[in-house]
Amino acid sequence: MAGSGRRPEHRGPPELFYDEAEARKYTQNSRVVEIQAQMSERAVELLGLPQDRPCLLLDVGCGSGLSGDYISEEGHYWIGMDISPAMLDVAVEREVEGDLLLADMGDGIPFRPGMFDGCISISAVQWLCNADKKSQSPPKRLYRFFSTLYTALARGSRAVLQLYPENSEQLELITAQAMRAGFTGGMVVDYPNSTKLCLFQTRAELAKFAFQGLGTECADGEEMHQAKFTNERTRFRNAKGKSVKKSRDWILEKKERRRRQGKEVRADTKYTGRKRRPRF
């Protein structure tokens, strides 16, 4: 159920909208892949994760694992959940590095308390604002999602949700249920006229939560990793000092991560990462 860079139309529940054909079409679209990578980069940046250790993240509405690919490239571990079996089938075929769970986020986050260091969600949460059955209540489903997510996150960690609300009422509904569940935070304005980024944080003991500029310094000289709420449009920053995607070094790093996870990986050779000559 991850984002495609366009406002999705509501055509029934997502598990039916993203059938096998739509799931493959979605994942093979180069523009979708590029936008998904940008959104994922921005979301992970706003999580403010520590630089000295890998973290375990939850990807809600992980779809075919496009956002999870970026998480893996950053050296973190992740678990993805999605309501679409077709999307998860594509993720399995792509051999993504995260673990996958078929589940409806509106039924709650089924993980033990304090399990995750952060959560991202790319274009998924707005689906909870729609009732596909008479028995479904959007406010109740949103509260169940946020309250169980709050429990599953470690103290002081964050959730960054990119979404496409149909109107301001939907955005207010989402924010209200998040606050009711215990989160603090609000909306980060990157693209005022289209996509919305919501940053929520769990309360931490003796922690002063203040929205300040990314990279600003505290009084004691320590660098803060907070988000600044502004009306200015900001650009996605490219990661520095990292291997170029699809290069030999990038491939070797990915294979090494898979080995550490106990997965079977082909041996490295002089041909690893080498482009094949075009066939006549």
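Here the Cβ of each residue, glycine as well, is placed from N, Cα and C on the backbone.
Straight from TrEMBL, the features:
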DOMAIN    58-134  domain 'Methyltransferase type 11'
DOMAIN    212-277  domain '18S rRNA (guanine(1575)-N(7))-methyltransferase Bud23 C-terminal'
REGION    237-280  region 'Disordered'
COMPBIAS  246-255  compositional bias 'Basic and acidic residues'
COMPBIAS  262-271  compositional bias 'Basic and acidic residues'
Tertiary contacts of the compositional bias 'Basic and acidic residues' (246-255), as residues 6+ beyond its ends and Cβ separation under 8 Å: 72-73, 97, 265-266, 268, 272-274
DSSP-assigned states of the domain 'Methyltransferase type 11' (58-134) in counts, ordered helix, strand, coil: 25 helix, 20 strand, 32 coil
Long-range environment of the compositional bias 'Basic and acidic residues' (262-271) - Cβ separation under 8 angstroms, sequence gap at least 6: 252, 255
Secondary structure composition of the compositional bias 'Basic and acidic residues' (262-271) [DSSP: H/G/I, E/B, coil]: 0 helix, 0 strand, 10 coil
